[in-house]
Amino acid sequence: MEKLIVGILFLSVLSGSVAQTDMKGKAFIFPQESSTAYVSLIPKVRKSLQNFTLCMKAFTDLTRPYSIFSYNTRTKDNEILLFVENIGEYMFYVGNLVAIFKAPTNLPDPVRICVNWESVSGIAEFWLNGKPLGRKGLNKGYTVGGDAMIIIGQEQDSFGGNFDAKQSFVGEIWDVSLWDHVVPLEKVSDSCNNGNLINWQALNYEDNGYVVIKPKLWP
C-alpha cells in the first residue's frame, strides 16, 4: 500500500498536479536581477490555441530589456511572449513572429496589460491601462502549441530554461489571466483575474529561486 501511495504521488508530480491557490490581493515579487528566479504557471487545461486573451499587471523601474510573460513549447520558442525592449516599446510574439506596440514613455506605474489574438485574421489587439494601442497583423492562420511551459520572471531561450539575467524581470507581477478565446478588451474588468486557462483566484504555480509572495500594493 505504501508503494502504491508513493507511486500515485510521483505520477501527480510528473503530470504537473499542484494545489490551487487563491492569489487574490497578492503579488509575486522578483526582488533582484537573477537567472534563477521565476514562477511556472500551470494552465487548467493544456490545449492548442487558435485564439487567446492574456491580461496581467506589473510594476518595474527597469530601463533595460525584460520579459513579462514567456510561453514556450518543446518545438517552438516564443510561442507567446511579452517582452519590453525599450521603455514604452512592447514586443508581442506569436509563433516566434513579432508585432511591436508603442506607448507613451511617461505612463504611470504600474501597468495593466491586456492583449488578444485570433488565428483566422491574424489580428493582435493590445491595450495598456484600459486604453488601446491599436491592432496589428501577426502570424495569420497559426496555431499555438498546447504542451507549453509558461513562465513569468524570465525569458525562455529553450523549453523551461536557458535564462539570461539581463532579460529577467525585477519588480512585481499580479492578476495574471489567460483565456482560450478572444475577450473584448474594452469589457475586461480592472481585476482581470478569471481566465479559464490561468485564473489568478485559482492559480496552479511553482515558484523557483528568490521569489516572494506579498499583499499587492496597487489595485
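Indices start at 1 and increase along the chain as displayed.
Cβ atoms here come from the backbone N, Cα and C positions, even for glycine.
The signal peptide annotation in Swiss-Prot covers 1-19 and rests on sequence analysis.
Mean model confidence of the domain 'Pentraxin (PTX)' (24-219) amounts to 95 (pLDDT, 0 to 100 scale). Marked as domain 'Pentraxin (PTX)' by Swiss-Prot: 24-219.
Secondary structure from DSSP puts C55 (disulfide bond) in a beta strand. Feature annotation from Swiss-Prot assigns disulfide bond to C55-C114.
The Ca(2+) 2 binding site annotation in Swiss-Prot covers E155, D157, Q167 and rests on sequence analysis. Under DSSP, E155 (Ca(2+) 2 binding site) is assigned to coil, being neither helix nor strand in the three-state scheme. Of all Cβ atoms in the shown protein chains, 25 besides its own fall within 10 Å of the Cβ of E155 (Ca(2+) 2 binding site).
Counting only the Cα atoms, the space from E155 (Ca(2+) 2 binding site) to C114 (disulfide bond) is about 19 angstrom. Look at the Cβ of each of the disulfide-bonded residues C55, C114 and count the other Cβ atoms within 10 Å; the largest number goes with C55. Remark: Q167 (Ca(2+) 2 binding site) has P65, Y66, S67, F83, Q154, E155 as non-local neighbours, by Cβ distance under 8 Å and separation of at least 6 in sequence.
Its Cβ taken as reference, D157 (Ca(2+) 2 binding site) is surrounded by 14 other Cβ atoms within 10 Å in the chains shown.
Same-chain residues with CB within 8 A of the center of the E155, D157, Q167 CB atoms, the Ca(2+) 2 site residues themselves not counted, are S67, S70, Q154, Q156, N162, F163, D164.
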